[in-house]
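> I'd like to ask you about the structure that follows.
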Amino acid sequence: MIISPLRLRLDGDALVSNWRTLAAMSGGAACGAAVKANGYGLGAREVVQRLAGAGCRDFFVATWREAAGLADLGVSVSVLHGLREEDLPVAVGAATIRPVLNTVQQVQRWRDAGGRACDVMVDTGMNRLGIAPEDVSTGLLDGLEVETLMSHLASADEDVPLNRLQRDRFAALAGKSGARRMSLANSAGIGLGQGYAFDLTRPGIALYGGIPARAFAGPIRQVVTPEVQVLQRRRVAAGQSVGYNATWTAAADTEVAILNLGYADGYLRCFSDKGSAIASGFRMPVIGRVSMDLTAIDASAVPDLAEGDWVAIDYALPEAAVLSGMSQYELLTALGARYDRMWY
Ligand SMILES: *Cc1c(COP(=O)(O)O)cnc(C)c1O
């Protein structure tokens, strides 16, 4: 195995601690985990193993391809995008994986396949996925073995009337679907209070260190830190420029380090002249354009930083989101395949 010049430093204790925090905030409701998009970029299998060890029993992915990658772990997985015709051969035989049925057609498809336990998504106002509340009250699900009836909040990270409206529409379905449990809240929804928790919560971003609302800022810990190696150190004379299109010019002689990191690694060009790296406790700003595979930093603050040394990329999610204009979700899921993923 060749050691990659980029790695994600992943804090397993922080991940578990975040889940416990969210579970406590969920009150009497069980707390699951959204692990779609490869566990938001961290590696779904490792996330599932750690959280299952801590007591998490309900996992959520987007597709059957993602679910199949977790099947041997023996945990309960719900597939949020439901059930296509193409999924049936895998779906009917997968004992621990349930489709989250989203449309009348998906419900029919699952019935025709002799479907066992499933979950159902009902749309309470986001107008993305889900059957209509009226479909539930008029008997569409009769006879179906529904484990969890779900809905999803459109604006849980904001204080807007739509939250209460969606919650009330969802609560009105209690006892009408035959579902064993009801589930509404994502990470931000947990922060809205226990009136939103129902029987099961489904956090994603906050597990991984995202701060969807102020209430999370204290207890939620950072989980992901990209670390990359220095490829070259050079002195750039005053008046010389660095990088593509020469967007940065040295005002004085400057010590520059070139990092093995670029936009192909999810370190997008919006970090040009804005991001920073850290070594020995000192901050080193990104200078010039981020390239596909390379980024330059002003290394003046760390005189002994040399070729082959590792630096940490400043990746505190709320701050990095403000700086880059990307969402905390994008910051995580953009982290690509070139990183070694190292759990500590
Ligand atoms: C992604 C997702 C979640 C998790 O959302 P976060 O905002 O990351 O906590 C929960 N429920 C559904 C339906 C989702 O698609």
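Glycine too: its Cβ is placed from the backbone N, Cα and C atoms.
Please treat TrEMBL annotations as automatic predictions, because they have not gone through curation.
Feature table excerpt (TrEMBL):
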type	residues	note
MOD_RES	LYS36	N6-(pyridoxal phosphate)lysine
BINDING	ARG128, MET292	substrate binding site
DOMAIN	223-344	domain 'Alanine racemase C-terminal'
> Using DSSP with the three-state reduction, classify MET292 (substrate binding site) as helix, strand or coil.
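Going by the DSSP assignment, MET292 (substrate binding site) belongs to neither helix nor strand, so it counts as coil.
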> I'd like to know which of these recorded positions, LYS36, ARG128, is least surrounded, judged by other CB atoms within 10 A.
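Comparing Cβ neighbours within 10 Å for the recorded positions LYS36, ARG128, ARG128 has the fewest.
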> Relative to the Cβ position of MET292 (substrate binding site), how many further Cβ atoms are located within 10 Å?
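Around MET292 (substrate binding site), other Cβ atoms within 10 Å: 10.
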> So, by DSSP, how many helix, strand and coil residues make up the domain 'Alanine racemase C-terminal' (223-344)?
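The counts are 23 helix, 44 strand, 55 coil.
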> Tell me, by DSSP, whether ARG128 (substrate binding site) is helix, strand or coil?
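SS state of ARG128 (substrate binding site) = coil.
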> Would you report the average pLDDT that the model assigns to the domain 'Alanine racemase C-terminal' (223-344)?
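The average pLDDT of the model in the domain 'Alanine racemase C-terminal' (223-344) works out to 98.
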> What does the structure give for the C-alpha distance between the residue listed as 'N6-(pyridoxal phosphate)lysine' and ARG128 (substrate binding site)? Integer Å is fine.
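Just about 17 Å between their Cα atoms.
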